[in-house]
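Per TrEMBL, the feature domain 'Pyrroline-5-carboxylate reductase catalytic N-terminal' maps to 31-117. Under the heading transmembrane segment, TrEMBL lists 216-233, 253-280, 301-324, 336-360, 372-392, 404-426.
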Amino acid sequence: MVELSQCVVEQVSDIEKYEIENTTTIESKPRVAVIGTGWFGRAIAKRLLNNGFDVYLASRNPGQVGFELPCEPTTYDKALEACHIVFLCIPWVAHLSFATEFEQLLRTKTVVDIANPGAVHSGTKLGISIAERLQRSLPGALVVKGFNTISAYSMGNDIKGLNREVCLCSDYPEALKEISSLTRTLGYIPVDSGTLSQARIVEAIPLALFEEWHQPTIFVFILLFFFIFYNILSEQLVKNVSWAVFPLHNMNSIFASTSMNLFAVANLAGCIANVIQLWTGTAQQQFSPWLASWLNHRKQLGLYGFMFLTMHLFMSFNTSFTLFPKMNGLQESSFLVANISTIMFCVMCITSLPSVGNSLSWREWRFVQSWMGWAALTTGFAHDLMLVAPLWKTNTVKNVPPISVIASILPTLTLATKLVLLLPFVQSKLNRVQRGN
């Protein structure tokens, strides 16, 4: 009984100790002022409250706020007097007037600027970032740029799977450390992005519009319009084929040709890189800008290729039985390898997703994106040859070959280059070069 009582006392002591530690932790959290009752101000105030912070949500006119607020609003003066950390959640155009009015109250305070410019590279009249401009207006405050890459919706609703990294910039290490700790408490991952001058880069992040897709998109349109022009030349102009079949039959061939060549271009980049390494005898030399850009955009080219492949697949459901009402063994085999190729391309697209790719080992990822990619290109090209190559001679009119002939040139070159690189003595030398021997 004595031992049992002692055990109970020890458990109670542990519980009391736990409560004391947690009470101390909550009490040790600093008071936080949120200036502005807009979407982001309300969202971050709600999140701060849910994580045990004492929040002062401030508005110029606390009695005229028309939204439902997570806490009772107060005035700017009261919030700034009571708190050491200030989240400035007002439009950046209002920063100057706010700083002029409350400069004295903000001295020695940590001010977190969450504002973004209204347009890409709009900047300010001073040619600096919003955060740098705010720091100049508040020389006595410790300005930190952060949380501008997190949307108010995700902040208020805690959506799983979204980006949880918060880029933080400041010229004051102590302020950066303080906000980093607060960021972790809110469930985000702080990323030290450097001094406040780096805020120019951080402020441009939310305004980026598919920057990695610009060059691939231009190339895709050039390639697509080339095949459209050539198909019109070879079919409607030379063979006098009716324009009525252009939207489905002709575009189906155009999409197939574009898809196959995009896959070939994506794979050819690595081959050219290997050839250059063999030629120079080193893998340490930096590639030319055009080749480096080509290598960096292989994912986008491949995804565009899969998009055109999908359109070709759906359109073929409506045209294959018309063009091939009674298929022979070669034609049936071509559709078999087409299905195999499509499945492999689907697997590659799925593993290109960051959430899936990050779960793979390097060897697994390389197997899918490299070896399976080459297998998919080979079987897709085999489908094209088995289905249309027997018709090349009869479909060539006035020395103008059909579109499938032109579309086969680049895949042939790509596969031939890869076969050369796979020769034992070539591959052995390439491995030595890449290992630095």
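Heads up, the Cβ atoms here are built off N, Cα and C, so glycines get one too.
Fair warning: this is a prediction, and the values are worked out from it, not measured in the lab.
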Intrachain residues whose Cβ lies under 8 Å of the transmembrane segment (253-280), provided they are six or more past its termini: 219-220, 223-224, 227-228, 231, 287, 291, 294-295, 298, 301-302, 304-309, 311-312, 315, 345, 370, 373-374, 376-377, 380-381, 384, 403-404, 406-408, 410-411, 413-415, 417-418, 421, 426, 429-430, 433-434
Across the domain 'Pyrroline-5-carboxylate reductase catalytic N-terminal' (31-117), average pLDDT on the 0 to 100 scale: 92
Secondary structure content of the domain 'Pyrroline-5-carboxylate reductase catalytic N-terminal' (31-117), with strand meaning DSSP E or B: 33 helix, 17 strand, 37 coil
Whether the transmembrane segment (336-360) meets the transmembrane segment (216-233): three or more C-beta pairs under 8 angstroms: no
For the transmembrane segment (404-426), distant same-chain residues with Cβ under 8 A (at least six beyond the ends): 227, 230, 253, 256-257, 260-261, 263-265, 267-268, 271-272, 274-275, 278, 374, 377-378, 381, 384-385, 388-389, 392, 396
